[in-house]
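The structure under discussion appears below in the form of structure tokens.
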Amino acid sequence: MTNEFHHITVLLHETVDQLAVKPDGIYVDATLGGAGHSEYLLSQLGDEGHLYAFDQDQTAIDNAKKRLAPYVERGMVTFIKDNFRHLKSRLQEAGVEEIDGICYDLGVSSPQLDQRERGFSYKQDAPLDMRMNREAALTAFEVVNHYSYQDLVRIFFKYGEDKFSKQIARKIEQARSVKPIETTTELAEIIKSAKPAKELKKKGHPAKQIFQAIRIEVNDELGAADESIQQAIDLLAVDGRIAVITFHSLEDRLTKQLFKEASTVDVPKGLPFIPDELQPKLELVSRKPILPSKEELESNNRAHSAKLRVARKIHK
């Protein structure tokens, strides 16, 4: 097992630059990971500024403490080991009621994918795990071996958007009736066997969407993102900014919807004025998502599906 986090940060400058960092501001990196965004953000803060960095993976925090050592020594960064769905309560515990900016880099980090024993990847043989927080109870093994056929179909359709969800769930049900499905490669082979030959010729691994679905279920990724982004919008000071990087359509759809709800107002036309409590909280900084540059796409394969959405707080 390796404890080193080798991670190329996606949309690094675009994300932090869009936060319009104030040297004395209070900022949050909701997804510390390899600490790339945190490091660049901290480089723009003065001694009066502070960064709160969230991650539920102790390995990520341990590595970030080394990478960010100069800022740690100056007392400019606080690490919070928790799921970002507890953003508001954990910041309030730290005495923070308002923030000037926050960034999210959603999904699984590439170091987690690269650590074979974490069981995130269909490319490496490992026990079925997929927990971002290794202390959590629910694992991929539990989902694959104990969820009902109906529940498997539901999560495969909902989180994997795989049109062969029923066939795959049926194959899993058949396989586990003989013996438990214990490893990533076992599961990948079962998924492959459920798909027609012409489907296997298509670009991309046949197990990709199902592994994504199981990972999202194990970590409740969309539920956590939904709760956290709403809390972040409330915590932002007026003129504060929120930047969210997504890697698949479900994350992007969720972010787009939350930003839309907070930046539009649902009142009858012709109303002489909009009451304070109905004023939109956000303004979109960019109507369309910001995409990686040609140079970044050439140097970092993970960047291909990345989209960045940014909004600014305009009303408390």
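Every residue gets a Cβ built from N, Cα and C, even glycine.
What you are looking at is a predicted structure, and each value in this text was computed from that prediction instead of being measured.
Per Swiss-Prot, S-adenosyl-L-methionine binding site is recorded for ALA35, GLY36, HIS37, ASP55, PHE84, ASP105, GLN112. Counting Cβ atoms from all protein chains shown, HIS37 (S-adenosyl-L-methionine binding site) has 29 others lying within 10 Å of its own Cβ.
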Worksheet, complete the sentence: Residues near PHE84 (S-adenosyl-L-methionine binding site) by Cβ (under 8 Å) yet at least 6 apart in sequence within the same chain, in sequence order, are ALA30, THR31, PHE54, TYR104, ALA224, ALA225, SER228
